[in-house]
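Enquirer: Could you have a look at this structure, given as structure tokens, before my questions?
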């Protein structure tokens, strides 16, 4: 038996587990959105970060990295135990088909695990839902947690997508809006309080392609 896992957020640049093969490619009918709260890595229960999850969207594609773990049940178990601890804010695991640029009609791997979240604020305390770009940017610009600040996560994702040569306008637009927030005068920043989410209650400059500068 072989384990395949698809990463579309920090797993792209920081898998953190022992794997045997990495492929760059995409899954179909999903898009990346910053609609999930993170309260223990890049944010806190009082001021949650915004991190990636997937939203079903017919005709969309989401680029990322697929990791293969071979070597028997024990190795696969160790990888999954690590991932389930790390991805604890995702309440679902979905099986998807994984494609590469070499063949867009036939998946190169089937039965690939991807961590997803239920898009419902009632049943899923970590689901923030969509928000205006400026509001999301303000939340990302101000949130921080034990593993670092939220904006670093976003900027690293932006760079990771650049590195795999599949930049995403949604990520770039959000990252640039965060940069705008960070460039505000200090007296204006002081008026922009961090976004407080329902999670705390429940749980106590776009540069030309291939030449982008990733300033934080």
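Just so it is clear, glycine is given a Cβ too, placed from its N, Cα and C backbone atoms.
Just lifted these from Swiss-Prot, have a look:
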| type | residues | note |
| --- | --- | --- |
| ACT_SITE | 87 | active site, proton acceptor |
| BINDING | 5, 6, 7, 8, 9, 10 | substrate binding site |
Enquirer: Which residues, in sequence order, are found in the same chain with Cβ within 8 Å of the centroid defined by the Cβ atoms of 5, 6, 7, 8, 9, 10 at the substrate site, excluding those residues themselves?
Expert: 11, 12, 52, 64, 65, 114, 115
Enquirer: Measuring Cα to Cα, tell me the gap between residue 5 (substrate binding site) and the residue listed as 'active site, proton acceptor' in whole angstrom.
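Expert: For residue 5 (substrate binding site) versus the residue listed as 'active site, proton acceptor', the Cα atoms are 12 Å apart.
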Enquirer: Measuring Cα to Cα, how far is residue 8 (substrate binding site) from residue 87 (active site, proton acceptor) in Å?
Expert: 12
Enquirer: Sequence gap of 6 or more, C-beta under 8 Å: which same-chain residues meet both conditions with respect to residue 87 (active site, proton acceptor)?
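Expert: The answer is 115.
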Enquirer: Using all protein chains shown, find which of the binding-site residues 6, 8 scores highest when you count other CB atoms within 10 A of its CB.
Expert: 6
Enquirer: In the three-state scheme derived from DSSP, which category covers residue 5 (substrate binding site)?
Expert: strand
Enquirer: Count the Cβ atoms, other than its own, that fall within 10 Å of the Cβ of residue 10 (substrate binding site), considering every protein chain shown.
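Expert: Cβ-Cβ neighbours of residue 10 (substrate binding site) within 10 Å number 20.
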Enquirer: What are the non-local neighbours of residue 9 (substrate binding site), defined as same-chain residues 6+ apart in sequence with CB under 8 A from its CB?
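Expert: Spatial neighbours, sequence-distant, of residue 9 (substrate binding site): 32, 51, 52, 153, 157.
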Enquirer: Within its own chain, what residues at least 6 apart in sequence put their Cβ under 8 Å from the Cβ of residue 7 (substrate binding site), listed in sequence order?
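Expert: The answer is 15, 64, 65, 66, 67.
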